[in-house]
6 protein chains.
Amino acid sequence: MDKSMLAVMDKAEVLIEALPYIQRFNRKIIVVKYGGSAMIDEELKKQVIQDVTLLKLVGFKPIIVHGGGKEISRWVEKTGMEPEFINGLRKTDEATMEIAEMVLNKVNKSLVQNVQSLGVNAVGVSGKDGGLLKVQKKLSDGQDIGFVGEITEVNPKIIMDLLENDFLPIVCPIGMDENFVTYNINADDAACAIAKAVNAEKLAFLTDIEGVYKDKDDPDSLISELTVEEAKDLIGDGYIGGGMLPKLNNCIEAIEQGVSRVHILDGRIAHCLLLEIFTNKGIGTAIIGDKDTRYYNE
Amino acid sequence: MDKSMLAVMDKAEVLIEALPYIQRFNRKIIVVKYGGSAMIDEELKKQVIQDVTLLKLVGFKPIIVHGGGKEISRWVEKTGMEPEFINGLRKTDEATMEIAEMVLNKVNKSLVQNVQSLGVNAVGVSGKDGGLLKVQKKLSDGQDIGFVGEITEVNPKIIMDLLENDFLPIVCPIGMDENFVTYNINADDAACAIAKAVNAEKLAFLTDIEGVYKDKDDPDSLISELTVEEAKDLIGDGYIGGGMLPKLNNCIEAIEQGVSRVHILDGRIAHCLLLEIFTNKGIGTAIIGDKDTRYYNE
Amino acid sequence: MDKSMLAVMDKAEVLIEALPYIQRFNRKIIVVKYGGSAMIDEELKKQVIQDVTLLKLVGFKPIIVHGGGKEISRWVEKTGMEPEFINGLRKTDEATMEIAEMVLNKVNKSLVQNVQSLGVNAVGVSGKDGGLLKVQKKLSDGQDIGFVGEITEVNPKIIMDLLENDFLPIVCPIGMDENFVTYNINADDAACAIAKAVNAEKLAFLTDIEGVYKDKDDPDSLISELTVEEAKDLIGDGYIGGGMLPKLNNCIEAIEQGVSRVHILDGRIAHCLLLEIFTNKGIGTAIIGDKDTRYYNE
Amino acid sequence: MDKSMLAVMDKAEVLIEALPYIQRFNRKIIVVKYGGSAMIDEELKKQVIQDVTLLKLVGFKPIIVHGGGKEISRWVEKTGMEPEFINGLRKTDEATMEIAEMVLNKVNKSLVQNVQSLGVNAVGVSGKDGGLLKVQKKLSDGQDIGFVGEITEVNPKIIMDLLENDFLPIVCPIGMDENFVTYNINADDAACAIAKAVNAEKLAFLTDIEGVYKDKDDPDSLISELTVEEAKDLIGDGYIGGGMLPKLNNCIEAIEQGVSRVHILDGRIAHCLLLEIFTNKGIGTAIIGDKDTRYYNE
Amino acid sequence: MDKSMLAVMDKAEVLIEALPYIQRFNRKIIVVKYGGSAMIDEELKKQVIQDVTLLKLVGFKPIIVHGGGKEISRWVEKTGMEPEFINGLRKTDEATMEIAEMVLNKVNKSLVQNVQSLGVNAVGVSGKDGGLLKVQKKLSDGQDIGFVGEITEVNPKIIMDLLENDFLPIVCPIGMDENFVTYNINADDAACAIAKAVNAEKLAFLTDIEGVYKDKDDPDSLISELTVEEAKDLIGDGYIGGGMLPKLNNCIEAIEQGVSRVHILDGRIAHCLLLEIFTNKGIGTAIIGDKDTRYYNE
Amino acid sequence: MDKSMLAVMDKAEVLIEALPYIQRFNRKIIVVKYGGSAMIDEELKKQVIQDVTLLKLVGFKPIIVHGGGKEISRWVEKTGMEPEFINGLRKTDEATMEIAEMVLNKVNKSLVQNVQSLGVNAVGVSGKDGGLLKVQKKLSDGQDIGFVGEITEVNPKIIMDLLENDFLPIVCPIGMDENFVTYNINADDAACAIAKAVNAEKLAFLTDIEGVYKDKDDPDSLISELTVEEAKDLIGDGYIGGGMLPKLNNCIEAIEQGVSRVHILDGRIAHCLLLEIFTNKGIGTAIIGDKDTRYYNE
């Protein structure tokens, strides 16, 4: 048998190895929070889209929830305004909100475009469509920081209808309050709220970190699996800080409301989603209900 | 019986008068091209949304297709560029296209917001979503004017699925070519193409004119109904010029491909859509197949 | 703008005012007990049919339950019999029952005819069809008054199937006992039992009175809204008598078994049904669960 | 084995013999025109109802179409009018029409009652319900004989919906013209028109004759099977007269429009319907398309 | 009326007598355990197939579960092995298991063939298909007797799908354990487990005895109906022994888990199934929940 | 990045490469004729099952049609008979037919078992189930060789229902003639007939040869793609002989009746099915309609 044939047969083996993973998640909903470097680096972006499209084609039901981070700041500046932050949250006046919504929708349709180019039907919606995300004003330490909303209700009908009709839904985190005023929403919060509302099997955050560390100064202390109990202890013991704290709280909340596994993935690794799902090598940190649902070799 | 009761009973009579019109269009699709003054004047805007929402609630299946005209120019200037027109068509380089798409999506979601605030579920899509609008580059007198597309194919699945699931679809005229590159599309063309693809009963253009005139200098020569034959004669005789020419050609094409009636309405009249549909007083000009389908008293 | 156009635009405003009411009851079931003067006066009859047909067309699911009162007596006499009443209830021997059933079915098909002539599909059924109404003999103060039945069970399958297939069901109050013998039923009772069985949102009685009065000698003491508690108090205090007592008890029972609002309307007012539903001027008396569901300005 | 057991086992054999007939007509529609003696004799009536109910239960889809003949005359007289006939057709003025409709609906609901008592769900409709039967005035030799209609259109939706929802439809031959005026219809005509509209497999007329004779004076000349060609020849040769002529023409028309077999049965024979369907002894005369569809031993 | 007609009319009466029984079990699932003499005697076999096919055609949903008993031994010997029994259970080594599976599938397809020849669509499955029957090794008094399994789980999807698609399922009692190893299953156990899993109305065992006796030496002491309580008492009092004990325990378990009636029928009587279902002469012994469900005259 | 991670990332690339192939055949039916060495060698058998199961899980709709070849001869001998062949076709007397059916069903259920063990629901049927394969006796050069049948009709309802309910159908080539007598069928013929009847996209034969050769003595002359025209020329020119001739004729017939591509694969190559479908290296020979559907680089 010639060499090219051997290489080809290796490929068959890889496909066969994927079999049990495909089975396990068949027709399950997976919410992917897409953000960070994976949204900026063109190669990484292409790979994330490939991964999600493949998940769709092999029978999963992925939903993308994305932010727009740096692009928003770029456009705020472009129109001559000065980005302003309070306690790390963007102060969002009416003009900023207008720019933010335009940029998020631009990103949204650009993702639709990428998925369509791979032959899969995608539809981009914001939290306004079909009343998907209802919010109320969110204060920052009691201070009004403008049109920043926290989710009070998710109406998942449009998402479920799109999944039912075989579309891949792509969601940008904009919502309306009870007076139908527009608000910006943290994308992590939106992904978490949607995952709960659609009863997702998995929620995966693409981030710019490797995962959760026992000792944040020791790169070898990456934790591959963490029960909700363990996560709460880590938080209680003050190990977790910075942007990881709300993210980890989101993870805990998602698990407690019915999502089976939440993953904090390193979005800087090519095809991190596929690797997480189709191999038994854990990428990043998985938050799980309890030890019985643990499945990586540590 | 007191006076307030009499007033109330007059209202009942109006509702009863609407009965035959509600019956006639029950579950029929009506495509509304929304543009011009009706998009700028806040009061008119509110009334158009009320009209379309009412049509939805009484059993019609309306679809809104909108442009973004003046708002695009405003944003092009805001970001320091100079709008440029060739033969009346906007020269659309990559930067302009980016702005145009952002603005159109902003308008799109703002319409969703307005409809949602009236308690009806709307979903805003662009021609990218689900591959709705496929285009190729459009030349202007053989000259390349950038990312301006003409529609080559409509894939109405997303629209039909939204109607089926009881959403009101709102479409902005952006499409992709076979390489999945973004193009701007004339909103009239998009409305016409979609009306044909979904087999609409009616297509209504909200414009800034009163309708088609026999003699454009004589305001009393407004034509209330025009068969395709008559419209072709008017064009052949050179009576029709300016922006009306392509619009009238769109009307003729729509009728010839199965739309029953096309209306050129004066969007500056409050509730012009309701008036057109629920009264037997013709507003603007209706283009029809032949004389047998005529139903206004002239 | 000319005068005729202004009049037309007033009409548009009326339609727009109906919007929130159409929304509130969209796809909700409304049972209309049709009787009294509204069944005898040809003009009122036409208006009731128009009202119910409009409700159907704008998305409600109306069901008509009707009696046959005076027409039955007329035919009993026509065939040479003497109508006989015991405690206000018609003594119904076999011959009278035969006439009563013939008359009720005649009225039933005549209503079907009227609704069909307005372009809506109606189907007339009696409580025999599909075993809709099961009864047992009803005694009057322990006395046998013949084939007068009280409902023991409602099998709403035929009604639900007709609604599902987009027909307007029209029901006449005839039932069978466990031996499949024919009985006459009080139409108010039938309307109430059906409203409960199909889980109606509203139950409206068209009557020949203006509503419930605090002081039956004071025409200004009409009560526009009455909670179940208040209604029970009124009855307990002996304010309610005559034909109103069983009707009010029916109302209370309907509310207690899940109907949201019950209306006692003055069927002598033109379009009283539309006025009740599409304006915020209360016609007659509404019986509601408790004060929180009150919505008229008193 | 004791004697009672032997008797019981004979019964099993009868059921087994029915097997191939049950198979042949499984889920096929059978229209039964019910009239004549079988409507008057209580024992025969009970047997017809048993037969049709059994057909329903073993998987057929029967529809009953009935007349009211003698009962109408009885009531016309009862109310002091004089029945009047022109060329054998009842002159039907408005008062007669009113009585006729009442009587037909009485008979209709009485049949519903009988079927319900055997545990099968039936629904009685007239040609008014759901616009089932549309008619125009029928002249008799050019003479106006009042409200006697001939069918111009059948809208079988209500019948198909009832069959779909597992009800046994029972139809009385009343229709409306284009102005929604009530007309009486010949029951044979109604049965034939409905059989064609619902694409029935079989149409069976219960009559008061044994069938079609070659020689009407020779009781041994009963024809058990007749092709459309043969039937036309018999008519052409002047063998067929009286009430049989329109009936035979109805049969021919039904066959020519897609009904597979039409039967003229002797309704005076107990269980004639079951005998016809479940045994290979032909009862009465079958009209068939051509000789290839012949299946009785002659 | 001639004699042949009289005979034919007697047949009609038999069909009419079947009416109430057809009604009672319409669309109900009936599991028939087919075994014993009725599987060996060709005439009896034909009659059982006729009976089950008739049940299918008149609206029941029968499922056949069969064994292969003597045929297995015949083939074991044919291939030169010696059948071996321990405590009355066949010792099933790998070679025997292979033969047993082949024979059971042969019998299975032969039954399919018989049913198909009567014009009804049947599909034969084993407990392997769609994972229908999951088992674990069954010990006999603690002793390993090879591949004999006891059912731990029933996955009835394939059975329900076949019924839904109008097939008659025929099941042979083979199952797999958690390692997907093949096991033989007692056919009575399989019938009982399936009856419970599909929520059957009836479970009928075709056996080679007349039923349960009060006094096994007195042929007149046959019990026609037995409540679960009475059956437990009989067992407790030591009246029941041999193969009847596990069968009776199966009956009790089936009743306790929702099957309405279980029948022990004498499969040696022609058409015993039809007789049991369509006549009020009890064949064999019925096990019922309590006395209220008793319906034979004793 | 460490080495194990690199290896893992290579795997992701392989999955991504499969994307376009998964898309192309999504929800398409693929009939796999399974036979030859791939049925005997345990490792190859396992790989074929893995391949088919993977195809099922990633969205294809595979159907397996299998033979039983050598196993039948083994059992014929085991029971003391002498296999006999006439013109290469097994002479199939009644005893041989009985063995053949038992063996084919054994193989059938063993394949079900293998697929179930990989977590996919399979159902094994023969051509008897639901009347799938109807045959007539096949003569060999005019000589009666017993129960060898040729297919006259395929009734694919059971296959389509199983696919619809998400089962993987596994078919063994047994059929019945019009008298419901059992016949053996060539498995290639059965696969071809089923592929046509279910309108398959692909039909793949697993064989023991590498494919079709231009020059059968030159191993380098393997043809990777062959149009129907070219295949007919090869046959006409006498290049094709032996068992390849009927197989190639089957391929031609399948293409001519609507199957898009037929593959003659070398079943001795591990994962030949996956390699054929998921790589652009042609394995064996593909028969296609015409040159426009060619897609391998030659």
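Every residue gets a Cβ built from N, Cα and C, even glycine.
Lifted from TrEMBL, the feature list:
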type: DOMAIN; residues: D:28-266; note: domain 'Aspartate/glutamate/uridylate kinase'
type: SITE; residues: D:LYS33; note: site 'Transition state stabilizer'
type: BINDING; residues: D:GLY68, D:GLY69, D:ARG90, D:ASN184; note: substrate binding site
type: SITE; residues: D:LYS247; note: site 'Transition state stabilizer'
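Overlay of TrEMBL annotations on the structure.
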residue  : record                             : contacts (Cβ under 8 Å, 6+ apart)
D:LYS33  : site 'Transition state stabilizer' : D:VAL65, D:HIS66, D:ALA187, D:ASP188, D:ALA191, D:LEU203, D:ALA204, D:PHE205, D:LEU206
D:GLY68  : substrate binding site             : D:ALA100, D:VAL103, D:LEU104, D:VAL107, D:CYS172
D:GLY69  : substrate binding site             : D:GLY35, D:GLY36, D:MET39
D:ARG90  : substrate binding site             : D:ILE72, D:PRO83, D:GLU84, D:THR96, D:ALA100, D:ILE145, D:VAL148, D:ASN184
D:LYS247 : site 'Transition state stabilizer' : D:ASP188, D:PHE205, D:THR207, D:ILE264
For D:ARG90 (substrate binding site), which of the three DSSP-derived states applies: helix, strand, or coil?
strand
Under a three-state reduction of DSSP output, how is D:ASN184 (substrate binding site) classified: helix, strand, or coil?
strand
Three states by DSSP: which one describes D:GLY69 (substrate binding site)?
helix
I need the neighbours of the substrate site defined by D:GLY68, D:GLY69, D:ARG90, D:ASN184. Which other residues of that chain put their C-beta within 8 angstroms of the C-beta centroid, in sequence order?
D:GLY67, D:ILE72, D:SER73, D:ALA100, D:VAL103, D:LEU104, D:ALA187
For the substrate binding site, please report the maximum Cα-Cα distance among D:GLY68, D:GLY69, D:ARG90, D:ASN184 in Å.
13
Surrounding CB atoms that lie within 10 Å of the CB of D:ASN184 (substrate binding site), all protein chains:
26
Integer mean pLDDT for the domain 'Aspartate/glutamate/uridylate kinase' (D:28-266):
92
By the DSSP assignment reduced to helix, strand and coil, which category contains D:LYS33 (site 'Transition state stabilizer')?
strand
